[in-house]
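Each remark here refers to the structure printed beneath this line.
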């Protein structure tokens, strides 16, 4: 592999410098040889490779919707160098063996680092703890555990899980949805639109009450809770309160919750059916504010590819979720950077540094300095394009941004020194 | 009119046209030979994802009396569990060359989605907890007749205003889960009626304050002001869902009991889309009262659906202003 010299990029918006990539690491640019491959990054911004805390790669089980190959290609196109693969595959990632298999699939695909998320409970059933310790002690050292899609609503179980993972500095990523307040059919923010369309409502309190409870359990156990895809202003308030008291709680927000509102479902298009649901404007603004001030720690995609036919049901019966890897940074630029809410170094924090820290990834989210792993995403801060759902590496097309003009930031992605994407 | 998906799609003049034509259609019912040639050669498929004897048979009779070929397709269970998508089911039926699909679905919005996938006309025969526009039309038809018979001059007065101007109509019961209520609110608003929604807070839809209707939790407060009350069916499973504590308490608070019947204005109409839970939301005295229109509603179902089918399928090519008179001439 040739050395690559990236010249003139602004490093996370903090000043221009050259980057020399050699053998997977960043080395002193002054050492560049004559045969170095040069890349002019004048006017571009270099970010540490993006880290997604919340990706559904669907393999094994639903290889018609996504595979490690297609999913990590999509990740690379989105500027990601690492994705955490959610456990709701078939079989579920609830053993060390399954976790090793996920990591191996990711290595074979080879377009981004794939880190398995372990299930908290066996089969995501919410009853018995999965072998959390064995997953943690395995070669892939699972640190993030989640029954994503299934809220751990049993407070006793959540408490025990939190206590147990303290032994190996794990974190439980909670899908906060009280099943008694928002059941399995809840598919639309409870409010004017759900009432008018006759869709089962999903009230904000179903999220924030669980988060408020988990704050107490995190304090009780001294363990780490991470809140998946925060969608409500109420949850942002609870998080702000908890953080002020020093509780070890972190949170993520998806790009779609940062921009899209409940009005998108007025046409009953299942593309916009997602869990938690799209919320009204006041929640969207609270999420942007929360991400800006750090109450929300990270952007995570909840990339949820689905085979076309699984979205071609009646709205209430169609699959939940939307793709997000390739457009995540675009939406962050649109909502946070172009509006002045977040600097580029803030973007680096929320999309790379902090998510890597939450997941305890040692080789990701590192500074762009000599000696560090060469995980680099080059970004054009001004480019824009109209999103085309067919212009994708993903196998799925459930893209809520189709037809919308957004920033088109990602120019190139380097993972461990290897170029995994180049526009 | 290309589709009939929502009561909100209809303008006042379109509604009036449908109701007027339904009046003409209703005369067919009294003929020895109940058949008009208006839709000869047209194929109507009743695609029902949910059982409904009443609505399905009424659409079927309506189509047949207009000489359309009517086929009933029960797609119950033909859903995700069976592996076939709604789109596939709809495209499969449409591919057989049908002119109109009458769709009943247990999920809100399904007919709306279907209308984007196929060229055939789509009629919403009830979708989930969303809308049931032909029910609202037949309710309006029944009420209009009632108002006109109670005050024969009202028809003449109606230059541009409708027979519903100044009328107060209460819709009472499980509003959250009622497609009948949603369509009626939208249609009655266009017709110019004052609608009052009555339900316990647990059965009041989210965002109801933004609806073009007043709302209250106190039935007795509005009872005496109503020109008509529409009682909605209460599903017994709502009780186990915790929406209200007991049937007894519901009846005492929101049922059209004998006592409330007495408190109604003389001549105020009583409607119910059926099937009734006698003794729960409506007492036998109210259901069988002289001013109960419940059986008229059922009878109106066929006329309204004939009218709607004709409006959607009949007009274009042959431009027959009145299929009834035309048949009489023949």
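Glycine is no exception: its Cβ is also placed from the backbone N, Cα and C atoms.
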Checking TrEMBL, the member of B:31, B:104, B:248 that binds carbamoyl phosphate with B:54, B:55, B:132, B:135, B:274, B:275 is B:104
Once the DSSP letters are reduced so that anything not helix or strand counts as coil, what is residue B:104 (carbamoyl phosphate binding site)? strand
Given the carbamoyl phosphate binding site residues B:54, B:55, B:104, B:132, B:135, B:274, B:275 in the record, what is the largest Cα to Cα distance, rounded to whole Å? 17
Cβ atoms near residue B:55 (carbamoyl phosphate binding site) (within 10 Å, other residues, all chains): 23
Carbamoyl phosphate site shell beyond B:54, B:55, B:104, B:132, B:135, B:274, B:275, criterion: Cβ within 8 Å of Cβ centroid: B:52, B:126, B:180, B:273
In this structure, which of the binding-site residues B:274, B:275 has the fewest other Cβ atoms within 10 Å of its Cβ? B:275
Least Cβ-packed of the binding-site residues B:54, B:132, B:233 (other Cβ atoms within 10 Å) is B:54
What's the number of neighbouring CB atoms sitting within 10 A of the CB on residue B:104 (carbamoyl phosphate binding site)? 26
Among B:135, B:179, the most crowded of the binding-site residues [Cβ within 10 Å]: B:135
